[in-house]
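Student: According to TrEMBL, the domain 'Cytidylate kinase' annotation covers 6-220. For Gly10, His11, Ser12, Ser13, Cys14, Gly15, Lys16, Ser17, Thr18, the entry in TrEMBL reads ATP binding site.
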Amino acid sequence: MKKIVVALDGHSSCGKSTTAKQVAQELGYAYIDTGAMYRAVTLYFLEHYVDLTNPKKVQEALNNIEVTFHRNLKTGRNEVFLNGLNVEDEIRKMYISDKVSEVSVLPAVRHAMVAEQKKMGKRRGIVMDGRDIGTAVFPDAEVKVFMTADVEIRARRRQQELFEKKQLVPFDEIVENLKKRDHIDSTRAESPLKMADDAHLLDTSHITVDEQVDFVLDLVASALLQKELAQ
Ligand code: DC
């Protein structure tokens, strides 16, 4: 059977990764969390005091960065590695969330990450989540979904997630971080967060994860059927 690309874009913390992971598992496809790639780059930049206003230093740093994904055999989770080091937990911390959008606006960073992501999905059979997958990385994705949700509902879910990782973050701080990231992500010049014309809108404010997953899987089923019929 032909394999397709599933692109899930949308606002921060509206359930993209959870949905993408389950859809990929259901289809036997690879799952790529592109936000994790930008987070890993941010971690490197912070650790090496890279001056974001100096394009030469930014490019030099990018030349020294390798972001890869490896499956954790114990948990079955795809985890992100920065130059061979597992940074899956570190990149989810608040100090990275606070800085990641500022790093993601840099054209050199976007060019490097988008090129990498295109390579990863060259053979299709992939579910990718992010901000610009349906618009810039895979404009030809067979299934495009744009996810959103009420900001307070997103913040509550995010707070719970962080709490489960033993990080206590005040609710207002999370709301502010989500609003700030949404704003920077949507207004940047290079591949901004924007719903593709042919994307399907999915508001996750009042639905369950299973319903989110089913919504995407139904679209996948129709896309696959269309492909079969077109052959
Ligand atoms: O999905 P996430 O919240 O982990 O993403 C972290 C940040 O990375 C997000 O605020 C913007 C950036 N990002 C991006 O610019 N483009 C992507 N395709 C994915 C994430």
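Even glycines carry a Cβ here, placed using N, Cα and C.
Automatic, uncurated: that is what TrEMBL annotation is.
Please go over these features one by one and say how buried each is and what sits next to it.
Tutor: Less than 8 angstroms from the CB of Gly10 (ATP binding site) sit Lys16, Arg131, Val145, Phe146, Met147, Thr148, Leu193, Leu202, each of them six or more residues away in the same chain. In the three-state DSSP reading, Gly10 (ATP binding site) counts as strand.
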Student: Could you check which of the binding-site residues Gly10, Cys14, Thr18 have their CB within less than 6 A of ligand 1?
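Tutor: Checking each Cβ against ligand 1, none of them comes under 6 Å.
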Student: Other residues with Cβ within 8 Å of the Cβ centroid of Gly10, His11, Ser12, Ser13, Cys14, Gly15, Lys16, Ser17, Thr18 at the ATP site?
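Tutor: Filtered neighbour residues, in order: Thr19, Asp129, Met147, Ala149, Arg154, Thr204.
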Student: If I take every residue in the domain 'Cytidylate kinase' (6-220) and average their pLDDT values, what number comes out?
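Tutor: Its mean pLDDT is 95.
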Student: Which residue, of the binding-site residues Ser12, Thr18, has its CB surrounded by the fewest other CB atoms within 10 A?
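Tutor: Minimum Cβ neighbour count within 10 Å, taken over the binding-site residues Ser12, Thr18, occurs at Thr18.
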Student: Give me the count of other Cβ atoms within 10 A of the Cβ belonging to Lys16 (ATP binding site).
Tutor: 28
